[in-house]
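Features as listed in TrEMBL:
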- 473-490: compositional bias 'Acidic residues' (COMPBIAS)
- Cys51-Cys54: disulfide bond (DISULFID)
- Cys392-Cys395: disulfide bond (DISULFID)
- 6-129: domain 'Thioredoxin' (DOMAIN)
- 341-469: domain 'Thioredoxin' (DOMAIN)
- 464-497: region 'Disordered' (REGION)
Amino acid sequence: MYVKLLLLCAFSAVFADISEENGVLVLTEKNFDGAVADNKFILVEFYAPWCGHCKALAPEYEKAAKALADEGSEIKLGKVDATEQQKLAEKFEVRGYPTIKFFKDGKPVEYGGGRTSPEIVNWLKKKTGPPCVSLKDVETAKKFVEKDQVVVIGFFKDDQSADAKAYEEAASGIDDIPFGITSDADLFKEYEVESDGIVLFKKFDEGRNNFEGAVTAEAVSKFVFANRLPIVVEFTQESAQKIFGGEVKNHILLFIKKSDKDFDTKLADFKEAAKDFKGEVLFIYLDTSDEDNARILEFFGLKPEECPAVRLITLGEDMTKYKPDTDDLSTEAIRTFVQGFKDGKLKPHLMSEEVPEDWDSKPVKTLVGKNFVEVALDEKKDVFVEFYAPWCGHCKQLAPIWDELGEKFKDRDDLVIAKMDSTANEVEQVKVQSFPTLKFFPKGGQQIVDYNGERTLEALTKFVESGGKDGAGEPEEPEEEEEEEEEEEESPKKEEL
């Protein structure tokens, strides 16, 4: 008995200092292991107090914790101030904020859900329970349909059939949408389903979509992804993950102010055009007056005064962009533009600033899209180019070193040290995935060399003097820019584009 009491006292002491803030456990280096050990399921957010994304997430995270607690769920939510608990941040390889990890029986996995309370709750329920909720009666089904923006119900007279199993397989792969399953005859009648079927219910657009065709896990997943979003989606921090994580990788964006007097008219025309390309091209509109969207405009080379405007992009390594030949935003003009893209008739749109008059007046030459080929691909010269972004912290750190490098080699007629602002200029020969990107273009038209070595004057000098042969370094993962950027700007504007 004494041993049991002793263990109980020790156990209580370990967990006594786990405080809560609005239902969320406050975790530290001292209590973290205990919290993870004591809770079979716990979601943990690693945050920074100054991070704008973390501030936006906080109320939704707290709502999710409360919703789960109100249901009597054993799932807990916790948070770690990574700026204070640095050892924990290092242990779990936190590189940007917020970083969210889900612990099941003490084992961590990356969180893959959204950032609204319902999305967090749905993701957690999928990870901790069956892929489908069994719906036994009409009242339960009605509550299920009403609770979320989008839900899916599989109607199967035999819930052990091959089609039902394929449906459940699809459900297990989609974490942020609730899936229900039923064989109840009253539900078939209530929702006017005559034989086995799958229905997606949503609180927007047409309100309901019926699955058609052979039931396979792949087909069901495709059906859900094609219908889970409104026919035109507003780009926000909350919708971003659904937009970029969806199956449709061709996106057309309407850049427009919500406060414009003709906003409703232009959006209606945009929606009308979207109906012809459902499941093939995702139609998105973006409020240009929202400061959080400034980087998106910059990415497309647009200024607020140039809007409303549309641009089309294909997601992938190249992130190819397309610009219409006209400013006409009528339904027919948008249809023609998107159909031209589908038919392969459009040429990619590459941004370029005008060539500055003094582009070659300094040791480091200034390149833009319009003079890139002439300078960088000059077969009589070695050309070393930094592709940078004005807001990038790493680029700012490199700037004085790059200037010194230019000064060091300014008298070499066969060598050019240059830089290009890749937020305003694009070229076919180089696809920039992170900043800064350093590339060496050897004379004689030889293969371009990626520089991934140290960014010191000594290392860069050695590389240049070797003609791009020594010290290039190994290919590396793109650097995390978000953390440094957010240290400079309390409300970051970096987007996933």
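Each Cβ is built from the backbone N, Cα and C atoms, and glycine gets one as well.
TrEMBL does not curate its annotations; it predicts them automatically.
With respect to their backbone Cα atoms, Cys395 (disulfide bond) and Cys54 (disulfide bond) stand 25 Å from each other. Within the same chain, the residues at least 6 positions away from Cys54 (disulfide bond) whose Cβ sits under 8 Å from its Cβ are Glu45, Tyr47, Ala48, Tyr97, Pro98, listed in sequence order.
Across the domain 'Thioredoxin' (341-469), the DSSP tally of helix, strand and coil residues reads 35 helix, 28 strand, 66 coil. Under the DSSP three-state reduction, Cys51 (disulfide bond) is assigned to coil, being neither helix nor strand. Mean model confidence of the domain 'Thioredoxin' (341-469) amounts to 94 (pLDDT, 0 to 100 scale).
Under DSSP, residues within the domain 'Thioredoxin' (6-129) fall into helix, strand and coil as 54 helix, 30 strand, 40 coil. Around Cys392 (disulfide bond), a 10 Å sphere centred on its CB holds 22 further CB atoms from the protein chains shown.
Cys51 (disulfide bond) sits 16 Å from Cys392 (disulfide bond), taking the Cα positions as reference.
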